[in-house]
Amino acid sequence: MSDIDKESLKQNQKQWENEVELGESREANQDDELLMSLGYKPEFTREFSYVSIFGQSFGSMGLCPAMAGSLIFSMNCGGGGMVWSWIIGCICLIPVSISLGELASSMPTSGGLYFWIFTLASPSSRAFLCWVCGYVSVLGYATIYASTVYSASSMVQALAVIGSPSYSPTKYEQYGIYAALLFVISAMTAIPSRVIAKVNIINITFQFLVSIILIIALAAGSDSTTRNSGSFIFGDFTNYSGWSNMGWAFILSFTTPVWVVSGFESSAAVAEESTNAAKAAPFAMISSLGVATILGWCIVITVVATMGHDFNAILGSSLGQPVAQVLVNNVGNKGALGIFSLLVIALCLNCISLLIAASREVFAFCRDGGIPGSRYLRLLTKQKVPLNAILLVLLYSLLVGLLILVNVTAISSVFNLAIIALYIAYSGPLMCRFVYNKFQPGVFYVGKWSKPAALWSLVWMWFMILMLLFPQYQKPNQDEMNWAIVVLGFVMVFCVVYYYLPKIGGKTFFTGPIPTVQQENEYISGVPLNELSLSSLPLPKDFDQKQITE
């Protein structure tokens, strides 16, 4: 190749790089202008691409490890119950992802749910509704994170038992593991957005690999003693629940799918860190749920196909984890130790994604003064990390984790609490959309199917809320009660009392989302006038600056 050709190639490459950079700059400017039109000054750097924001949603599910930690809830009515509750539960959530995706496209802010409800509600009620929704959504995100870390701590203990069968774990040791994981994950999450975006891509790859490894290992390692027939996989409905009614036992099995895939909406929490957020956020919600539905069903079918007929032995296993026992039965202790270790790592990556979403939700609500101490909690580090918000979620998780010291039933109710709080928060803006009819569609909108999808979402979520408030046993004693209603009730009472408290209550200072931008006419293409220069504007390639200077 001649020197002229090389020089021409370099020039073309440089021109292409400049055009890509200019395109990204224009896209970022459009995102920032949309955010400023909603009243907020851009404070995060936009490092999340379509792939990394998909990773945020899909990674928040932690599909395979989350299923491994929660399949015990879907074993209420046999193999068929496990298989069909998963696919039905996930399909019923698709309209929810569409409805929330429309809201995220219309109003792509980290405030998400409580900002949406403020925009869609009436002027007379929107401040109070926004206040309640803010508290409930923060509770939901923080609790789904805490429940996932608890699941990880249970899996760590199962690993210890697999490696040393004589080991007998205690609840105090589990709380110690739980607390240690909280501190480690908090430290791993206090990193800049550009690093988190790369971690999300790693998370996607690792989650898929672990899922494939689990499916192949169980299928290859099973034999005639553990392998089940198709009629058992799809048609066995034996009642193993604490309820006598088979129909209700099947409904209780929905706890697993609604808990596992609950992270699909977390892309809205990082909308202010995403490029082309109005399209990317709904894309991540819907596509991640679709992938999880199919891949998760394959995992459930494989587990049921290789777990044998003796459910009682698996449920009563000393490992405390059904999937761990299924692995031991099929691939032996050493194989189970290796594969289950991968599941624990995958679940920790899942926890990172969940803490990212929870901390952004806390930051956004504190930016609007919703939580006591917001002046400090909303601060960002020099690297644009909401460290104080992360620490608040850490403190809450340490406190709610004390339920470990009560009993397994008490801490298991945290799984229910997470979904209940999130579903209440999800349903708020959808209800306001029907009542006040103020919704303005964004670039993602399904037209005539929009309202039916929103209506179905409300029906399904409130049905699930009622189901999750029930205890695991038909006639529970004090130790078997569902603690979800206790924690939820405490938070609801606190936020309502704090709002109406004379002189210092939220009603005296909280008016909803607080605009943080300068006046609209002080911005051009997302740049403040006092910082404006030709180099800061997305000018065409053939623009000649001499035309102005001359």
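Even glycines carry a Cβ here, placed using N, Cα and C.
Quick look at what Swiss-Prot lists:
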type	residues	note
REGION	1-24	region 'Disordered'
TRANSMEM	53-73	transmembrane segment
TRANSMEM	78-98	transmembrane segment
TRANSMEM	127-147	transmembrane segment
TRANSMEM	177-197	transmembrane segment
TRANSMEM	201-221	transmembrane segment
TRANSMEM	246-266	transmembrane segment
TRANSMEM	283-303	transmembrane segment
TRANSMEM	336-356	transmembrane segment
TRANSMEM	386-406	transmembrane segment
TRANSMEM	411-431	transmembrane segment
TRANSMEM	453-473	transmembrane segment
TRANSMEM	481-501	transmembrane segment
Candidate ranges 53-73, 127-147, 177-197, 283-303 - greatest C-beta contact count to the transmembrane segment (386-406) (under 8 angstroms):
177-197
Residue numbers, six or more beyond the limits of the transmembrane segment (283-303), whose CB comes under 8 Å of its CB atoms:
50, 53-54, 56-58, 61, 63-64, 67, 71, 74, 82-83, 86-87, 90-91, 93-94, 97-98, 100-101, 104, 208, 211, 214-215, 218-219, 233, 257, 260-261, 264-265, 267-268, 323, 326, 444
Give the one range among 53-73, 78-98, 411-431, 481-501 whose Cβ atoms make the most pairs under 8 Å with those of the transmembrane segment (127-147).
411-431
So, do the transmembrane segment (201-221) and the transmembrane segment (53-73) meet, by the test of 3 or more Cβ pairs under 8 Å (sequence gap 6 or more)?
yes
Please figure out which one of 177-197, 246-266, 453-473 racks up the most CB pairs under 8 Å against the transmembrane segment (411-431).
453-473
Where, among 177-197, 246-266, 336-356, 453-473, do we find the most CB pairs under 8 A to the transmembrane segment (53-73)?
246-266
Rank 78-98, 177-197, 336-356 by Cβ pairs under 8 Å to the transmembrane segment (246-266) and hand me the top one.
78-98
Same-chain Cβ contacts of the transmembrane segment (336-356) under 8 Å, 6 or more residues past its ends?
55-56, 59-62, 64-66, 68-69, 141, 144-145, 148-149, 151-152, 155-156, 158-159, 162-163, 181, 184-186, 188-189, 196, 199-200, 202-203, 206-207, 210, 213-214, 217, 263, 266, 269-270, 321, 323-324, 327-328, 390, 393
